[in-house]
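**Q** After the structure tokens below, expect a handful of questions from me.
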Amino acid sequence: MRKAEIGATTALAVHSLCAAGLATGYWLSHSLYSSSLITDPAPTLRILTVCEAPVVILLFSWLRRDHDRCSFIKAVARGLIGLPIGALINAFGAIVLGAPVGLKFWPATIYWSMLLSLFTFVPAACVFGASKLDWQQILSYSKPSNIVDYMLSVPAHGAIIGAWLGAWPMPLDWERPWQEWPICVTYGAIAGHLIGMLFSPVLIFLHRRHIRTKTE
């Protein structure tokens, strides 16, 4: 089974392109459509998702686990299928944890769930497919076993933790526009995801150094 061999530099390049997709989406929403997360959360989230989705799916399909059995096109298809599945899981989790369920909130909830799916579910779907063992490894909080696992696990957990922390100001009686669902949760998820993407190459470098030391 032939696997993608990458290093910290490649991981940083991949994450930089993913961050550039988010930046492009933000620029388009602000410059061309004069919208922002605070004034127009649903349209802005839609633009962010549309810009980020092809970048994430194409890059992580290139990093697919088994190159011999899974073609690039098949990995892309897995990412496209994983996007709505991950969105449903995220939406269900958000509602269980207290997200509003009124009809006026549904567009923002759907696009937020899809963006979070791109941060958490889609990369693993492209790389692993339906491999139960790999999914158990990436979803657990145990130490990742290889480089791609670091690329998937650290930013994904960062997005989830960031979204959770971002939800804390929502029930406070500050009466600020950014406290509306899902504005601060989105900012938290994006911040946590970006921090995870910056941190994962460092862990990859330390991981490769540890392996090299053990070999010597």
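The first residue you see is number 1, and the count goes up from there.
Every residue gets a Cβ built from N, Cα and C, even glycine.
Where the annotation comes from TrEMBL, it is an automatic prediction and has not been curated.
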**Q** Write down the single range among 150-167, 168-185 that appears in TrEMBL as transmembrane segment.
**A** 150-167
**Q** Which one of these stretches, 43-63, 110-130, 187-206, has the most C-beta pairs shorter than 8 Å to the transmembrane segment (75-98)?
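**A** Answer, by Cβ pair count: 110-130.
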**Q** Ranking 110-130, 150-167, 187-206 by Cβ pairs under 8 Å to the transmembrane segment (43-63), which is first?
**A** 110-130
**Q** What parts of the chain pack near the transmembrane segment (150-167), using Cβ distances under 8 Å and only residues at least 6 beyond its ends?
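**A** Hits for the transmembrane segment (150-167): 11, 14-15, 60, 63, 97-98, 116, 119-120, 123-124, 127, 138, 141, 144, 184-197, 199-200, 203-204, 207.
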